[in-house]
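Here is the structure we will look at.
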Amino acid sequence: MYQGSSGAGEGFEVTKFGHGRVALIGFPSVGKSTLLTLLTGTHSEAASYEFTTLTCIPGIIHYNDTKIQLLDLPGIIEGASEGKGRGRQVIAVSKSSDIVLMVLDASKSEGHRQILTKELEAVGLRLNKRPPQIYFKKKKTGGISFNSTLPLTHVDEKLCYQILHEYKIHNAEVLFREDATVDDLIDVIEGNRKYMKCVYVYNKIDVIGIDDVDKLARQPNSVVISCNLKLNLDRLLARMWEEMGLVRVYTKPQGQQPDFTEPVVLSVDRGGCTVEDFCNHIHRSLVKDVKYVLVWGTSARHYPQHCGLGHVLQDEDVVQIVKKKEKEEGGRGRFKSHSNAPARISDREKKAPLKT
């Protein structure tokens, strides 16, 4: 029997707010909602049964003069990439964030982390990896040209041709700049992969031994915490700040003290950290009027340093913009900057003929 389309469901996506966005991902009942409540003060329903959180709950962390949006997402279960337990919506929201905090139960096995990583990889999310150094470009004619700048151990020319033919690509240019695997080549051909930073947060360390805690804390990209006893939350915030790479830039009006209340927050992921990006952040038309900028801070070699639009700013720099002066009408004295006379001879006014 044919069924009509259902009405609009409950919204899941949350509007972006603040200078950065962090998503909490994890299995049900690992303490994501408790962590959100502790870090942001926003109340998220927490209970001892699974799937307490059924939709996306946002909160704001006020840290280092910036506002960071933290999203509490429903728990992910095995098979989420195929749509189980609203898994696809959860992963789609996490794709739109700047960094992922994978909340894990310290008392459970390491298998949880592998299952979650596998589910995220199935939908094109690559955690703590950088894009492969492979140049790939489709062409209209000319066949497939295959080159590499170093010896390859995983992929050879024949295998590359086979993969491209599977994708019905018969004219392309491929250049390997690193010893990449077959999966890396497929990621580059697909072109829809997202490479994200991820911090593994091991919660509930109060229920395991100190040796296990030490072992977990020494793993790469890992932070151990306890929401129950409020342990190590400041280290988690510091680590999150470090991974996001936010750059605070303070403004200084000419002849006045710098304004340290409201920084302009830039990041490499959201636009860039150059002086030009800073000017665009304030106003789009400002770049045309900039003569040069004066910079104080860690990015400057001496104080103040005269910089152009390409200068890369660093955290807690102070910037003063010097604008171009508008040309004065008529100039000064006998040294006029420009004359009022017409540019072409034909445009000159003809004098009245002399009376005879």
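Glycine is no exception: its Cβ is also placed from the backbone N, Cα and C atoms.
Remember, TrEMBL labels are computer predictions, not curated facts.
The compositional bias 'Basic and acidic residues' feature in TrEMBL is assigned to 345-356.
Among the features that TrEMBL reports, domain 'OBG-type G' is placed at 20-245. Over the domain 'OBG-type G' (20-245) the predicted model carries a mean pLDDT of 84.
TrEMBL lists 245-323 with the feature domain 'TGS'.
The region 'Disordered' feature in TrEMBL is assigned to 325-356.
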Tally of DSSP helical, extended and coil residues in the domain 'TGS' (245-323): 12 helix, 35 strand, 32 coil
